Structure formats: structure tokens, C-alpha cells
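K.L.:
One structure follows; several queries about it will come next.
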Amino acid sequence: MGFLSGFNLNSDHRTTVDGLRAIAVFPVILFHAGSPLFVGGYLGVDIFFVISGYVIARTLLKDMAHERFSILRFYEKRARRLLPALILVVLASFIPAWLWMMPDQLKNFARSIVATAFFGSNFFFWWDADYFSESLHLKPLFHTWSLAVEEQFYVFFPLLLWVIYGKGRRMWLTLTLIGVASLCLAQLISTRFAAAGFYLFPTRAWELVVGALLAVAEQKFGGRPTTTTLSRVMPVVGMALIVGSIVQFNGATPHPGILTVAPVSGAALLIWYPGGRDPVSRLLASAPIVGLGLISYSLYLWHQPLFAFARLYSINEVEWPTYAALIALAVVLSYLSWRFVEQPFRKPGLVSPPTVWTASASALVSLIAVGYTGYAMNGFPGRRPPIEVAAGYLNSAGQDCFRHNCIVGDPVPPTIALVGDSHAAALATSLDRALKGSGKSALVLATGDVLVKSFPNFYYRADEWNDILSKQKAQIFEPQIETVILAGRFTLRIENTAFDNGEGGIEGLDATFVGRSEQEKQTFTQSIIDGIQDLEQRGKKIILVYPVPEVGWVVPATLQKMSMRQIRDGLTTSYDVYKTRNWRVFEIFDKFVSADGDIIAVRPDLVLCNTFVKDRCATNQASDVFYHDDDHLSVKGTDLVVRQLMDEVKARWGDFPSSGNREFVGALK
């Protein structure tokens, strides 16, 4: 039995429910570890919600049946159950956070501590980012959103059940109506506002209500079926529904909603039909599975901080042997916290009710104070070396101009258009400063598709998108626009592959950006040529910004990790890899550029590659960090590129041409 000898497996607690907890927690853990076999592993949280609804309602109904219900006693028991392990994990997480996090990361972590202490972290992470966002997997406490949902359930459900208890059909009808309304809302919201549907209590309530209805039915019928054929078949059906859903669901599945009824029903079947002789029931009642189920709460709490801090510390992607070791460590820590923290606090004889209230209030206030201090002190930047602070405070250049028309430079009608995608938008801040005082301005159109046909747009309906593109193209072709600067990450669209620097840095990209067909690849290549020729035919002067060297690592985070490890070498990538990766764009652009024509070449590689380090492309020089992420330049980086651009314009044309017509009514339409 090993460590399982510490468990009381013969208690009146239903062992199959504890076994189901183990089945719920491990898919979540493996999903957070990035397992391709558990792309729907997040459904483990839905199973937890069904279990919680059942257990809470069962406890409340038993108390009400014996006329011993007390709302204060209920909250005391919840505090005993949830707070000790949660507070331990939060405090333990603060140690590596202090040692390894950058100021902005620690500041955000401090905010999440406050949100967790106020039982509102589901709102915090809803506002912060999408659940499937890569950035959230670097946040040690983001998994506490599900605890917040349960805690919000505790606010209203005991009083609701007390009001409707003993009302017969009204109790059934009330809970059923709430569940159906919540499910309908979930279906509506999740298909339109996915993050809100995922995180918020109103769209999750139905899963908890399903568990509560099981408890109501159990009390009404005096138990659950034990000898019927269904009791031998339904556990297998329930497990099949759960496993099938975990395999089939992914980040694109509307969830929670109608499709989520499948895994929720599976969990309900496993709860309703008690352990029998079928393989599933025997599995759920086995000692190892029950033991893991008993520590599942601590296991859920511990795994995410361990994963997050491993990712924060590791320069390259965390690999499976490391994840396996972290999962094993999480099991050990979970057993220890269950045995020496959770269990003692659950026993009224060891910890009195007044002590529970005092300790809980003091601990929560302390967490709020710690979190607020970390936030107010901006993450204590004095902890870190200058290079780390500089990297941590980087902002994306030109972000206000991405997908939003804007004018940079002097407050005059624009004669220049900066056109492209987010790489064009990144140049806007530096171009704005370069044009100040020159009597010129530039219109920034960084929607990605104005002149060059890109992939389908995911932000607008097709008719809206076509209308936007038509208006923007008309703006570029107006006579007042004399010069067009074309910049974009064209190689990504042509090659249809994420960047791999060959040295361990592999870019993570959503599938919508890679893997397109050969036909689409050729169409996009031709559209670049057609777009430049359109500008030539209209007599525009053209500045072609060649590809920015991709990195493969998120530069600020990687520089921080290198500094933590006392690695003093700068972060660089191979110049040869850059040239091999981008040869098709070079071939296209080179056909248009000439020594004395109206098309100028701007080469970011000439300022970033083979300059600071021989045969390498630099990402920083001392504390000057040139990148915001793994492919977008920071303001420090765009300053270098725009300086080259202005030098090329001066050498070729003397200055940007100025239109004689100073009116430009279409600039911001």
C-alpha cells in the first residue's frame, strides 16, 4: 500500500466518488502539461463541479433532514476543507515568484493573490486572457478560477436549498429550471463570448446543479440502484462519455454548452450508480485510485504552480521527463499537505470553530496585504539586474495602431502610408518620432490584408471585412499619398510553418496561422507581387521592409531566464537560418528594388545580423532589448530599422515627397 496506508478507505465516504475525483484531476494535470492525448483534459473541472454539487447538496440535505442546518456551520466546514491547503500553496508559491519572476510578472502574480483571497479569481483571469492562451500557463494561480466558481456557488446555494427544502415538486422544479436556464445561457455565451462562458459562475451553475439534483434524488428514493442490470452497465457508459469527450474536445469546442452535457452526464452516471462488479466501478473503488482521489484537491492546487515555475525557469520548452518528475513531486507534496495540513484542520477536536474563523480571517487578510504590497510596489524592481528589468518592462511598439487606423508624425494631412500587419504597426512609434518636426505625417493601416491577400479574417464578418479593405485601399491610392511603406511577416504566410531556430527555440503558433494549402501559399505569394505592381502603376514611391529576423524564443522572458542562470552571453540566432527561412521574400522584393528607382529596400537584417555578433542575429545589446516577443520588435528595435529607413530615403530622394494638395479627408474613415 505504501503511502496509501495513511488513508482511511473504509470510511462512510463513498469510495467511488473519491475515485471519480482522481479521474477528474489527472486529465486536467495532463492537459496543463500539454499532452496531445488530453486536449480535452480541461473537462476534469466540469467533473469536479458535478461532484461538488452532489457532495455539498448531500451534506446540506442531511443536516436539514435532522434539523441541524446552520449557515455558519456550513461556512466553517468549507473553510476547514478549502483554506488551509490553498493558503499553504499560495504562500509557498510566493518564494519562487520572488526569486524568479520579473517585476511585471510579480506584480501580476500579486494581483492574482488578491483575487484568490477575495474568491474572485475567475473574474480576474477572465479579464486577463483566454484559458487556452499560452501566457496563462505561466501564471501559478490561474487554476484557482474554478475554486472561485465553487465558492460563489456556496454563497447562494445553501440559502436557496433551505428556502425550497421540503417543498416537494417545487424543489425539483426550482433546481431544474435554474439548471436549464444556466445551460441555455452557457450555450448562448460560449459561442459568442468564449472566455466569459468558460470562467463565469452563471454559465457553470448547471453543472453544480446536476450534482445537487443527484443528491435530492438520492434522499427522495432512499439511495441508489445497486442490483439492476443498469447498475452494471451505466458506469461503463459514464466512463465512455467522459473519456470520449476528453479525446474529442479541444480549444475550439464551444464550452460549456450543449456538447458539455456528455461528460457531465458521464460524471452523473458514475455518481448515481454505486460501485458494482463492472470494471469501471472496480477501478474507481481500487485503493490507489481512491487514495489519489482523497488528495485530489491538494494535487489540483500544487500542480499548476510547479508547472508554471518550471516554464518560467526553463529557457526551452519543458519536456515530458520533466513534467513526469513534476507530477510525481506534486503527488508527494499533495499527500504531505493532505496529511499534515488538511486533515488536522478538518477535525473539530483539534481546531475549534473560533480558531478556524480567526485563523481563516487572519490568513486571508495577510494574503490580501501581501498581494496589495506586491502590486503597489510594482513587483519590487530592485530585486532584479538591469537587463531583466529592461526586458520585463518592454511594451509592444505601435500596438495602438494595430487594426486601428492612426496617423503618426506632425498634425498635417498624411503623404505617407505605412501598410501591412502587426510588423508594420510595430514601426509606427519610431516612425512617429522620426517624422515629428518634419512637416509630414503617415497614415498607418496595419490590418494585414490591405494590399496583400492574407488568410481569412477572424475579427469581422466577411462583408464587413471586404468593406474595410476597399475603403483602406482607396485611401492608399489617393493622390495625396506619395509614398507607401510595406512591412509584414510575409514569410510566415508563404512558408506556412512556425519558426524553428534549430537551437531549441520553436515558436508556438495557433493552427489558424500555419498549415495552409499549397494553393493558398501560391496565391499569397502572387498577391504580394500584385500589390507592389498596383502601387507602381499608380506612381507611388515604395519602401519595402524586408523580414525582421524571427527568434524562436520570447526574447524578454528568455533574457530574464539567462540572467537568472548567470548566462552573460547575449541571445542570438543564426544568420544563415534567417537567410534560408526568408529567401522567397528576398527573391520577390529584389526583383522590384533597383539602385536608382522609386523603390527602396530597408533591411532589418543589416542592422541586427552580423553587426553585434559575427554571423548571428542579435536580440539585445547590453540592456537595450530589441524585441517585444519572439518576432515583434520593441521600440529599441524599431528605432534601428526606422533610422535605416530615414537614411535610405535621404540618400535616395533627399526627403519624403510632399503632395501639393494638402487635403486628405479619408485618412481616418
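Heads up, the Cβ atoms here are built off N, Cα and C, so glycines get one too.
Those TrEMBL annotations? Automatic predictions, nothing curated.
Among the features that TrEMBL reports, domain 'Acyltransferase 3' is placed at 17-338. What TrEMBL records for 404-645 is domain 'SGNH'. What TrEMBL lists as transmembrane segment is 37-61, 82-101, 142-165, 172-190, 196-217, 229-249, 255-273, 280-300, 320-338, 350-375.
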K.L.:
Are there residues at least six beyond either end of the transmembrane segment (142-165) with Cβ under 8 Å to its Cβ atoms? List them, or say none.
P.N.:
28, 32, 45, 48-49, 52-53, 56-57, 60-61, 64, 69, 71, 74-75, 78, 82, 86, 112, 115-116, 119-126, 128, 136, 171, 174-175, 199-201, 204-205, 208, 212, 300-301, 303-304, 308
K.L.:
What parts of the chain pack near the transmembrane segment (255-273), using Cβ distances under 8 Å and only residues at least 6 beyond its ends?
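P.N.:
Tertiary neighbours of the transmembrane segment (255-273) are 16-17, 20, 23-24, 43, 46-47, 50-51, 54, 183, 186-187, 190-191, 194, 197-198, 203-204, 206-207, 210-211, 214, 217, 224-225, 230-231, 234-235, 237-242, 244-246, 249, 280-281, 284.
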K.L.:
Between the transmembrane segment (350-375) and the transmembrane segment (196-217), do 3 or more CB pairs sit under 8 angstroms, pairs being 6 or more residues apart?
P.N.:
no
K.L.:
Mean pLDDT over the domain 'SGNH' (404-645): what is the value?
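P.N.:
Mean per-residue confidence for the domain 'SGNH' (404-645): 87 out of 100.
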